[in-house]
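Lifted from TrEMBL, the feature list:
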- 108-128: transmembrane segment (TRANSMEM)
- 140-165: transmembrane segment (TRANSMEM)
- 225-234: disulfide bond (DISULFID)
- 297-318: transmembrane segment (TRANSMEM)
- 324-348: transmembrane segment (TRANSMEM)
- 403-427: transmembrane segment (TRANSMEM)
- 439-460: transmembrane segment (TRANSMEM)
- 466-491: transmembrane segment (TRANSMEM)
- 503-523: transmembrane segment (TRANSMEM)
- 529-555: transmembrane segment (TRANSMEM)
- 575-597: transmembrane segment (TRANSMEM)
- 609-628: transmembrane segment (TRANSMEM)
- 736-763: region 'Disordered' (REGION)
- 739-748: compositional bias 'Polar residues' (COMPBIAS)
- 749-761: compositional bias 'Basic residues' (COMPBIAS)
């Protein structure tokens, strides 16, 4: 706020009249401010305790007019008349469709954030791949590598990205203005995400078909092996020991003479597996089976239904669907973890360790390290698209957010691993299978054969199976819709003019994604998808991960530390900064090792090269386009952050530009200054403290300023400290004379005026409502309002 006592009039003809007028107007302004504050508080209290809302009162009045019962009071009137219901329904519908085209801010609580993000952090393709790796290399080595990658690579990267997203409040495309040269990176990320969602829809389609089979059967369709196409060796109950010689089809231990046909002939066919193999796996293993012809229709139907429902959710917006997705996600998590506790209590005495091999020599296997590290790194990119959207907003600190997300992820991995091992042990003991290799538990059979077989032994098998398959469908839907909603928000933020055509944008997005999924899920394309996506897309995700780490380093770790200090008023822990450096080192070494082995040992795969080039093309094209615009003068920066990068509030951006963590101030009565926006004016600090004490002694309290009051600050150069101290004594004496009538002491030299460096509005975040030098020096305010300030300035002029 400007120093209202710093400009004395040049000539005063009538001191008494000027002083009295000055004092009365100042006191009147203070009294008016206090009265307005009291009125505002009373209005807020009245609004909070109001028995009716505006819509309810309007409905009651309409009912009274409609029924001619003018003597009835509103609270006792009924709202069930046709006129009132029609008016309310139409009003809600109109407001609903109008609000669809408003880009509203979405703030999630930590429960909403954790429950929804868990659906994205743990998609079912991730779960299937985890089960496959546990089958290949054993549970203990796989968990150790995944936890190490998550702790030292994933968590630091995720925390930094989450902090920058909350700091800038930018969405997917606007976020990368921090490094304009990599503005094409989000487009490549979206393309990779499309591949990921293809498998999600496939799993949902299988779940829908099995759900329908359970609904149309009396108990469950594979009961007593009484279903169409069942094998003669289908087992629905123990029939002695199973001593067949089975081979393993895992990647690390597969024997040369073990073909898929031989394994399919010798594998143990318990009832649920035989039903699943004849009705679901036909598309992947044996398209000539009769049941395989109907599978593409199921995929098409489920895909179209998913995106039709997704279009409605996208039009509703993230602010509304979060109230649907949150309870749905919580119920899914409860269903997922509830049976785990039940199985642990009922079958905790079972020997499940045979399914948890502990061969620690596998760490010396280069194939294990290559596959595990690359797949673990690729999974760290799966949920990061959501980070750049409004879903990333939360009241939690980014550290706590990251810890909770990864804690839930670790618990989910442990739950899946124990389920997998316990289920294999139970089936082996129940059916008396001698060789565990004969029980196919890899990937999809784990979800749709082994788990349904265990649930069919429960007390209410049909109910348990219905809940289980519904949980899988809901899980896939929550993850897909959350990410697509974030993508729509990003598009609207990138091009605000498209807000008028939000319905068309959502429709085009859904139709495009649905078409791609239907084309790629055809039986003729399944082999292509499995062969090139198994390796090429994994490496593409690692490359995207590498590009994001490069962007963080180009932005600057020191700048990130200062941004964190500015926002949270404390220094960032070294673990996060050093963790990003470790992540950069690990990803670089893994990428170099992969391509050295790829181009020296293995033959060059043209399809893989074309795939990587096509997906990474937006990154290269974006860098070239930004460079051309930079050279032509249309852009101000190429690598350095855009001038508009940072907090959305322009006042915060100004404060951040002047923030220097190396020159923080310390006081005996306050903590470290959280905003070094003033140039450390000793005279101004003493003046503020003096008038704060004077006001408190005179009025007994300190007036609080409202959020809408505009205030100004005066920045004083450090070279003016001595001059400011001399002015301070004169200002105090002049102020005491003007407010109390006591004459000041005479001085021989004229009063000096304070030079003004600049005047700026104070951010609402720095307002504290009093004059004390507290933890935010930028918000050092006087008790005088703007009305009083302007009145005094007019008198002085």
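Glycine is treated like the rest: Cβ placed from N, Cα and C.
These numbers come from a predicted model, not from an experiment.
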Can you tell me how many other Cβ atoms are located within 10 Å of the Cβ belonging to residue 225 (disulfide bond)?
18
Among 140-165, 297-318, 403-427, 439-460, 466-491, stretch most in contact with the transmembrane segment (503-523) (C-beta, under 8 angstroms):
297-318
Might you confirm whether the transmembrane segment (466-491) is in contact with the transmembrane segment (403-427), defined here as three or more C-beta pairs under 8 A between residues 6 or more apart in sequence?
no
Can at least 3 Cβ pairs under 8 A be found between the transmembrane segment (140-165) and the transmembrane segment (575-597), with each pair 6 or more apart in sequence?
yes
Does the structure show the transmembrane segment (297-318) and the transmembrane segment (575-597) touching, where I'm treating 3 or more Cβ pairs under 8 angstroms (sequence separation 6 or more) as a contact?
no
Grab the same-chain neighbours of the transmembrane segment (439-460) for me: Cβ-Cβ under 8 Å, and only residues 6 or more beyond its ends, written as numbers and ranges.
124, 127-129, 131-132, 135, 203, 206-207, 210, 220, 222-223, 249-250, 263, 267-268, 270-273, 276-277, 280-281, 339, 343, 419-420, 423-424, 426-428, 433, 468, 472
Please report, as numbers and ranges, the same-chain residues at least 6 past the borders of the transmembrane segment (575-597) whose CB is under 8 Å from any CB of it.
149, 152-157, 159-160, 370, 373-374, 377, 399, 539, 542-543, 545-546, 549-550, 552-553, 557, 560-561
Helix, strand or coil by DSSP: which one applies to residue 234 (disulfide bond)?
coil
Same chain, 6+ residues apart, C-beta under 8 Å of the C-beta of residue 234 (disulfide bond), given in sequence order:
225, 269, 270, 271, 274
